[in-house]
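One structure below.
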Amino acid sequence: MQRLVLVSILLCANFSCYPDTFATPQRASIKALRNANLRRDESNHLTDLYQREENIQVTSNGHVQSPRFPNSYPRNLLLTWWLRSQEKTRIQLSFDHQFGLEEAENDICRYDFVEVEEVSESSTVVRGRWCGHKEIPPRITSRTNQIKITFKSDDYFVAKPGFKIYYSFVEDFQPEAASETNWESVTSSFSGVSYHSPSITDPTLTADALDKTVAEFDTVEDLLKHFNPVSWQDDLENLYLDTPHYRGRSYHDRKSKVDLDRLNDDVKRYSCTPRNHSVNLREELKLTNAVFFPRCLLVQRCGGNCGCGTVNWKSCTCSSGKTVKKYHEVLKFEPGHFKRRGKAKNMALVDIQLDHHERCDCICSSRPPR
């Protein structure tokens with residue numbers, strides 16, 4: 001009996017006495033349980049895991065959040081929210097700009113994290129797991145009408161402010177002839193917090209469609225302006241912020257900002273160019289009754305893929321725009337008997353002509369050669 005009273009007091013201290021701790025009141029059912037084996041660490045803190053599941057029927061806008069948000073959340077939590085909306089609808093999530101959990105270890109969220117999973121009858125897909133303070137998680141629109149949100153904290157360090165996730169449902173309807181790149185910015189507001197989202201009537205931008213869009217731009221600035229006409233300058237600055245949670249080794253080793261525009265221009269400038277190519281002399285000269293030394297020579301021939309990523313680049317071929325013939329001196333052998341003494345009549349130094357490409361052009365089916 002004393003243990004039950006103790007557990008009740010602890011639950012009130014950590015959760016129940018904080019209004020709006022978990023979710024906005026909608027149709028919901030809650031299941032909570034605490035491990036029966038209570039343990040304490042050296043500081044006399046409870047170290048067992050408190051688990052709680054909540055089922056939420058998404059019929060309007062609402063939110064879920066870490067306990068005590070925007071203050072430090074408690075330790076030893078495993079909280080789960082199951083969000084379900086009506087059939088033929090989807091669920092959209094947007095994180096509050098105040099976001100902070102315990103930092104990752106070796107770029108992996110091992111200890112404190114929030115995770116979003118998309119659930120269907122046949123599979124469960126993890127849409128993301130986040131921790132740390134560097135970046136706010138992106139907005140998420142589900143592909144099904146069911147989402148699972150999990151928050152876990154361990155028995156060591158805690159952080160603040162935790163997290164707050166705003167949710168709403170969107171109609172799962174797509175116009176028949178909608179353009180894949182037709183994005184429209186709309187604003188939704190929950191409790192005074194606004195964010196931008198794609199129009200709910202537009203289809204999700206596929207990777208192929210996105211690739212075609214990226215190929216139309218020559219600079220990062222123009223590309224970001226296309227996607228975010230209002231916030232593109234902030235997006236450009238954020239590209240070069242030090243965010244080690246998401247950066248690879250090459251980011252930390254370099255001394256200056258990477259010039260993405262120059263890299264893109266180099267691809268278009270140098271992809272279709274003359275380059276060293278080895279040719280077999282017998283095959284190149286189409287001679288079957290002679291052998292040469294050396295057997296192969298280096299020549300300049302056009303090669304490349306006509307600027308990977310440019311519009312219609314897959315329909316283009318890299319061909320010679322200017323070809324010249326150059327002489328090469330080689331040793332030629334002809335079949336027959338070789339004398340061990342005296343001058344061999346079937347062996348001599350000869351000059352041969354080979355084609356060299358001095359200029360290369362991209363020949364595309366959609367336009368004539370230049």
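Glycine is no exception: its Cβ is also placed from the backbone N, Cα and C atoms.
The disulfide bond feature in Swiss-Prot is assigned to CYS109-CYS131 (among others). Taken residue by residue with DSSP, CYS109 (disulfide bond) is part of neither helix nor strand, so it is coil.
Classification of CYS360 (disulfide bond) by DSSP places it within a strand. Within 10 Å of the Cβ of CYS360 (disulfide bond) there are 22 other Cβ atoms, across all protein chains. Per Swiss-Prot, disulfide bond is recorded for CYS302-CYS360 (among others).
Under DSSP, CYS306 (disulfide bond) is assigned to coil, being neither helix nor strand in the three-state scheme. Marked as disulfide bond by Swiss-Prot: CYS306-CYS362 (among others).
Marked as domain 'CUB' by Swiss-Prot: 52-170.
Listed in sequence order, the residues of the same chain lying 6 or more apart from ASN276 (N-linked glycosylation site) and placing their CB within less than 8 Å of its CB are LEU298, VAL299, GLN300. Residues or ranges marked as N-linked glycosylation site by Swiss-Prot: ASN276.
Feature annotation from Swiss-Prot assigns signal peptide to 1-23; the stated evidence is sequence analysis.
Nearest Cα neighbour of CYS302 (disulfide bond) among the listed disulfide-bonded residues (CYS109, CYS131, CYS362): CYS362.
Here the C-alpha separation of CYS109 (disulfide bond) and CYS360 (disulfide bond) works out to 50 Å.
For the pair CYS360 (disulfide bond) and CYS131 (disulfide bond), the C-alpha distance works out to 50 angstrom. Here the CA atom of CYS131 (disulfide bond) lies 47 Å from the CA atom of CYS362 (disulfide bond). It is 42 Å from the Cα atom of CYS131 (disulfide bond) to that of CYS306 (disulfide bond).
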